[in-house]
Amino acid sequence: MALAGSPGAKKGILERLDSGEVVVGDGSFLITLEKRGYVKAGLWTSEAVVEHPNAVRQLHMEFLRAGSNVMQTFTFSASEDKMESQWEAVNTAACDLAREVANKGDALVAAGICQTSLYKHHKDEARIKKLFRQQLEVFARKNVDFLIAEYFEHAEEAVWAVEVLKEARKPVAATMCIGPEGDMHGVTPGECAVKLVKAGASIVGVNCRFGPCTSLKTMRLMKEGLWAAGLKAHLMVQPLGFHMPDCGKGGFVDLPEYPFALEPRVATRWDIQKYAREAYNLGVRYIGGCCGFEPYHIRAIAEELAPERGFLPPSSDKHGSWGSGLNTHTKPWIRARARREYWENLLPASGRPFCPSLSKPDA
């Protein structure tokens, strides 16, 4: 199969999804850049776009080469309540970096906002919407291609975000960081999806907090809720790149390993190929990842869905399908691993004989 060629005229996000095209999202910025020494854990703010633009640019480039169709601005927690006087410079720089890299391929720029620090304490709709609107003004000035309201654990605040983003008259996607139990007020996934679509979102789904398997269960509930309400929307999923079957309602942040000891839970590239196929079979057409989702995970999505997309990503030039590159190895037992059946059926060991396979959430 041919590798992706040079981009021509770019189609918009809804044009792509309406035609049935698979859109591959990007992956982890916060967790990855923290590991690389450019983000500080705690507030998880995105000032790296100003302080270390080359690091952010490099990560965007890695996702682009891996097959991502979307360069999402690194604007997580970049609202005034979390960044004070830095917020405008950070949002501006993030848009510029995403556009610079998107222009090197057939990728769109999506600008994102996330839940505020105010909602849990004040639920002041006017004040919260003002914070969203400040970021939106930068995104509109930079003429991003579409907008994402992501990482919301309360449906009401997510609805407020969608209502503000719709003011820009650009396509809006909305994803919540919830599992099958729903949001923190007990709103079910199906009800969340309905609320978001009624607010104006054209694309709905989940991101972060939960692993691929759990996130797909939540997506199924969202899809069923939309169907029952007689509503239609495109579906989007961007889970963690970690296995998290032992999460409680709050997701991985409540597990004792968060955030500095998650490595034993990292999904393999083969796990992600399985996830991509299951998401596609569920009817999801915007498929990406969030925290822990490295560029090779995004490449796994692009390779699994290459038959549907019609091409392989550039980084597949250095990656034999299902380990086929091992055919050149000098040792016969390693050459024997150069086949799909081997990797699909492998049960990888953790190498930690005294560690449990699951944890108990702290909350």
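The backbone N, Cα and C atoms fix where each Cβ goes, glycine too.
Owing to the predicted nature of the structure, the values given are computational and were not obtained by experimental measurement.
Taken from TrEMBL, the feature domain 'Hcy-binding' covers 11-305. The Zn(2+) binding site annotation in TrEMBL covers CYS208, CYS290, CYS291.
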Taking the Cβ of CYS290 (Zn(2+) binding site) as the centre, how many other Cβ atoms fall within a 10 Å radius?
29
Cβ-centroid neighbours of Zn(2+) site CYS208, CYS290, CYS291, 8 Å, sequence order:
SER28, LEU30, ILE31, TYR151, CYS177, ASN207, ARG209, GLN238, PRO239, LEU240, GLY241, GLY289, GLY292, PHE293
Just counting, how many other CB atoms are there within 10 A of the CB of CYS208 (Zn(2+) binding site)?
28
